[in-house]
């Protein structure tokens with residue numbers, strides 16, 4: 001199993017087109033216009049990003065946007081065990097709808113789960129054709145997707161993904177600040193190509209609760225794109241006007257004081273200048289998670305993006321980075337006076 005594409009539902013197609021092409025480095029490889037609306041298909045590396053805006057109040061996109069702010073309204077996967085998943089969906093009485101892949105024209109299925117986010121599955125296809133014009137700013141693949149969900153739905157959702165998609169829990173942790181908190185599980189497919197995280201709030205003041213309130217229900221909090229050089233990619237993105245979350249004061253000094261980091265292999269000045277988070281997985285300074293998070297795209301408590309570099313095949317997620325992200329979002333909420 002692996003990611004196929006993300007589908008972003010927006011109010012203003014032209015504005016989104018300019019943002020993701022000029023700032024994020026995606027190339028529009030096709031455009032589909034129907035009586036339902038307009039859909040642009042964008043590629044960078046092996047990433048497919050669909051962007052749709054509605055031309056009809058009766059379209060799927062319009063229905064989503066009447067309930068939620070702009071965001072990821074569909075996540076699609078390629079699956080090898082197509083018939084098995086189809087049978088399980090039928091047994092669970094989940095209503096599915098036939099769908100045609102917007103680029104390959106392969107037949108697939110789509111169905112709704114938490115927060116009006118469509119889940120779509122297609123047969124496994126060959127890798128996307130690439131050339132230098134599709135390199136963009138160096139984003140290569142979809143690394144992981146994060147779903148925020150209410151606490152009373154969390155266990156059901158986790159068990160569903162494990163039962164139907166065959167994912168397993170790789171990590172779980174709780175993050176707390178003096179004013180907020182969350183619980184998170186990191187799920188992954190057997191081949192490791194799909195990583196899908198679930199977050200739920202642990203109290204009413206949690207920023208996950210803020211997201212659920214602003215999104216009017218469960219939804220995709222953020223998506224991470226992989227890169228082989230996060231410093232180069234982030235430098236390009238900043239030059240193009242992409243804004244990222246501010247890192248808490250003292251973060252880098254605290255990391256430099258940690259005895260397990262291999263100082264010689266890290267360009268601390270560049271990391272601090274670009275505000276990139278880092279987490280060591282094996283206490284050698286080699287298997288590093290390097291991450292950075294954009295500011296929310298549609299106001300506080302909505303979708304944002306992540307850039308991630310996994311050095312020496314670093315796996316999973318660093319709780320230290322997760323804590324720093326959580327504190328950075330909380331600081332932003334306070335600055336904007338979000339209750």
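Placed from the backbone N, Cα and C atoms, the Cβ positions cover glycine too.
Copied over from Swiss-Prot, here are the features:
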- 144, 222, 306: Fe cation binding site (BINDING)
- 2-127: domain 'VOC 1' (DOMAIN)
- 141-276: domain 'VOC 2' (DOMAIN)
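Structural mapping of features recorded in Swiss-Prot.
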residue : record                 : Cβ neighbours (10 Å)
144     : Fe cation binding site : 21
222     : Fe cation binding site : 23
306     : Fe cation binding site : 22
Item to complete: Specify all same-chain residues, apart from the site residues 144, 222, 306, whose Cβ lies within 8 angstroms of the center of the Cβ atoms of the Fe cation site, ordered by sequence.
Response: 143, 145, 146, 197, 221, 223, 224, 225, 293, 305, 308
Worksheet item: Under a three-state reduction of DSSP output, how is residue 222 (Fe cation binding site) classified: helix, strand, or coil?
Response: strand
Worksheet, complete the sentence: Grouping DSSP H, G, I as helix and E, B as strand, the residues of the domain 'VOC 1' (2-127) number 32 helix, 57 strand, 37 coil
Discussion item. Across the domain 'VOC 1' (2-127), what does the mean pLDDT come to, as a whole number?
Written reply: 93
